[in-house]
Amino acid sequence: MNINQCIKRRKSDRIYVGNVPIGNNAPISVQTMTNTETTDITSTIQQIINLKHVGADIIRISIPTMEAADAFKKIKNQVDIPLIADIHYNYKIAIKVLNNGADCLRINPGNIGNKRKIKQVIDCAKYNNVPIRIGVNSGSLEKDILEKYKSPTPEALLESAMRHIDYLDNFNFDQFKVSVKSSNMYIAVKAYKLLAKQITQPLHIGITESGGFRNGTVKSSIGIGLLLLDGIGDTIRISLAENPIEEVKVGFDILRSLNIRLKGINFIACPTCSRQEFDVIKTVKILEKRLEDVTTPMDVSIIGCSVNGLGEALTSTIGITGYRKDSVLYKDGVRQLSRIKNNQIIDELEKEIRNKSKKLLSLT
Ligand code: SF4
């Protein structure tokens, strides 16, 4: 069943971050953030290239200083993926980076000073035709809002977001998206649901500071999954205390698991037991790594024995079912006559998957 057919996405306006559409039924984009020193231009460019390689649609970069804003210009000139500049408090840095080619500004207008400063930033964003993301975070709520609600509740996050949105409204600026993130999944989910009823702009969703790789992946998958199943969310970022490459991979895994956006290989593999005829876990691990550049959507089943192998292979693009010494290959559910020696499964599967990917690409 295509679950996506059951999801009714929230109606939202369309904005563009560079050439990536966000909102109004655009594909849900996956973004992440660099964690190199922005002023270390070589390392930052290399990380951006690596993140693009695994499929990132958009990349955000922290711009804490004027030097970082200068570095941003050089970085932007050498990469071909939309870049969001992340600014806190300093309106001069915001203006500089807008003029240096930012594709989007992450900034909370209420935090950058008086109306004159806010107007200058918004005028510059309008002039450069660049959208803004308001990013409310449970860890940095305004003092008065925290005093009112005693803790960063969903209602507190909503009030903060609406306050920042009012600033943009007052200057007739509607090219923005909003996030209301909390490290508490329940709070984040409720805050997004409240916000979704208040505005028509796209929503950037995520569970902030969700933790290390395993814990953060579980928390993010549940929180983001609940929202997406409710039709809420136009772009996602997974926040992990990990290499940002993993954030991108987890983001696409979530979208693929929900059948929302199919990109890359969906590995179907058994958990293994004493019946396995070849090392399934090692095979999957190696192929996941080797094939991370393949963006063509396809199901690949890697099953250790015939108990479940045939059933999975019949519905997969490519499938292998373990037998003693030589295993059986299936292509589009059709059993192939020649068998694959168990010690050659990894190389043979890689070859088959790449060939299939090329064929599928040539048809599009
Ligand atoms: Fe074990 Fe076979 Fe099931 Fe894999 S498919 S877990 S090898 S019984």
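Cβ from N, Cα, C; glycine included.
Per TrEMBL, the features are as follows:
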- C270, C273, C305, E312: [4Fe-4S] cluster binding site (BINDING)
- 14-251: domain 'IspG TIM-barrel' (DOMAIN)
- 266-354: domain 'IspG C-terminal' (DOMAIN)
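On the structure: features taken from TrEMBL.
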residue : record                        : DSSP (3 states)
C270    : [4Fe-4S] cluster binding site : coil
C305    : [4Fe-4S] cluster binding site : coil
E312    : [4Fe-4S] cluster binding site : helix
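Listed in sequence order, Q276, V280, I302, I303, G304, C305, N308 are the same-chain residues at least 6 apart in sequence whose CB falls under 8 Å from the CB of C270 ([4Fe-4S] cluster binding site).
The local packing around C273 ([4Fe-4S] cluster binding site), expressed as other Cβ atoms within 10 Å of its Cβ over all shown chains, amounts to 10. Within the same chain, residues at least 6 positions away in sequence whose Cβ sits under 8 Å from that of E312 ([4Fe-4S] cluster binding site) are I268, S301, I303, G319, T321.
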